[in-house]
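Features as listed in TrEMBL:
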- 6-25: transmembrane segment (TRANSMEM)
- 60-80: transmembrane segment (TRANSMEM)
- 92-113: transmembrane segment (TRANSMEM)
- 129-150: transmembrane segment (TRANSMEM)
- 156-183: transmembrane segment (TRANSMEM)
- 254-272: transmembrane segment (TRANSMEM)
- 292-313: transmembrane segment (TRANSMEM)
- 325-349: transmembrane segment (TRANSMEM)
- 369-386: transmembrane segment (TRANSMEM)
- 393-414: transmembrane segment (TRANSMEM)
- 434-457: transmembrane segment (TRANSMEM)
Amino acid sequence: MEKFEGYMFTALCSTNFLVSCLLFSRVTREQREPYMDEIFHVPQAQRYCEGKFNEWDPMITTLPGLYLVSVGIIKPMVWLTDLTGGVVCSTAMLRFINLLFNCGNLYLIYLLICKLHHREKTRTTSRRVLSALSLSTFPVLYFFNFLYYTDAGSTFFILFAYLMTLYGSHKASALLGVCAVLFRQTNIIWVVFCAGTLAAAKMDEAWRTEHAKKRDEKPAPSQVPLSLAGARKVAAFALEFAASPGHVKAVLQVAWPYAAVGAAFLAFVAVNDGIVVGDRTSHEACLNVPQLFYFFSFALFFSLPVSLCYHRALRFLHAVKKQPLFFLCVTAASLLLVWKFTFVHKYLLADNRHFPFYVWKKVFQRHELVRFLLVPAYVFAGWNFLDAFRSRSLFWSLAFLACLLCATVPQKLLEFRYFIVPYLMYRLHMPLPSLPRLAGEFLLYTAVNAATIYVFVAKSFQWPDSAAAQRFMW
């Protein structure tokens, strides 16, 4: 890091922390008591603070990573500052842990951008710094820095694990992956992704070697093939690769720490009789395929300033004109999937404190045909998503798409928090945007953050059967 860039980034971190602290103070003043899922998380963390590690709230569905890290940070602070009384492990103190994770996420995002885009030549200092700032304020993630939820810590450990993978520190990455799983069990998918990138690198190398031997063929494609013939060719190669002991051995030599974490997780699932701990009635897996379409739409909206342009729209129209049968088949398949595999969670229809409730009510419940009429928009959003990976290798793209499917489709509940890590991974791997586009992205995120925090703080309401103030949130 050059001196100027170092000073700029240090000033950015300090300013970001100061602004976040001011917002944190306002949110905490308005909502002093635990809210929403905090009514489970805060008391459980307070039990851990009191040393009661054998007491567990059966309504909590995640592992105790958040509470263990909180105690590990707060207890030394209490000892050093000689704090006593109700401030120790109070709701505000526990929430403050996520502000620390926010600083960590900003730094990790910056390091990931530097690592992933190290081939970019000159004039990228401002773009790297602004990219890091923009992504650290990604609205869905940023909002939960002010409440005691698992999202900030979960994202921190996933980003840290992936950074270590990129640097080749696979044992450290696997250990950080364990920490991520302790925050949220579904993070095992992104541990698998870290291993998948290693397998993808080996497969890309073998793919290039194989095609280099054939003089009549062009170099291997760098994107997911949009044809049946190309898909069959890739599938045949993948099966051949998996059946080769030499290739499998080469992958395991570097990916064995992740394999060990995966084996331990499978043992946990067998002993626990499932992934969820605690209350399982509201967290049942299903094939909710339209979740993938919702994610594509979500990604299109939040990446709009940096992903969409006139030339890309023209390229999409050209692709449709060039392969009309392919896009017609994709649209028909999407219509079928929406028809047969749409599931609606009871919470989505009942809890009017969450934004997805209003998205579903105002859009999808207007008419039963709306979900089908949105399919062309899903197709475009999906194409736009894949088009951003044109510079990425074929098998890396396939590994990411496989993990994206596993992270979204089994979820019955439409919950924007589940899209945080997939979106950040998508956005981090896009080509580094220009400064005007980054400024537009930052302004969009700032506007959304300002609106959501304002609505949460100033627009409380009450339920008829409850005296407690209810607030709107992600």
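In case you wondered, yes, glycine gets a Cβ from its N, Cα and C as well.
All annotation found in TrEMBL is predicted automatically rather than curated by experts.
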For the transmembrane segment (6-25) and the transmembrane segment (393-414), check the count of CB pairs under 8 Å (sequence separation 6 or more) and say whether it reaches 3 or more. no
Quick one: do the transmembrane segment (129-150) and the transmembrane segment (369-386) reach 3+ CB pairs under 8 Å, ignoring pairs fewer than 6 apart in sequence? no
Examine the transmembrane segment (292-313) against the transmembrane segment (156-183) and state whether at least 3 Cβ pairs sit under 8 A, considering only residue pairs 6 or more apart. no
If we skip the immediate neighbours and take only residues 6+ beyond the ends of the transmembrane segment (254-272), which ones have a Cβ under 8 Å from one of its Cβ atoms? 170-171, 173-175, 177-178, 181, 185, 188, 191-192, 194-195, 198-199
Count the Cβ pairs between the transmembrane segment (393-414) and the transmembrane segment (325-349) that lie under 8 angstroms and are 6 or more residues apart in sequence, then report whether there are at least 3. yes
If we skip the immediate neighbours and take only residues 6+ beyond the ends of the transmembrane segment (156-183), which ones have a Cβ under 8 Å from one of its Cβ atoms? 62-66, 68-69, 101, 104-105, 108-109, 111-112, 115-116, 150, 190-191, 193-194, 197-198, 254-255, 257-258, 260-261, 264-265, 421, 424-425
So what's near the transmembrane segment (325-349) in sequence-distant terms, Cβ-Cβ under 8 Å and 6+ beyond its ends? 226-227, 282, 286-290, 293, 319, 356-357, 360, 371-372, 375-376, 378-379, 412-414
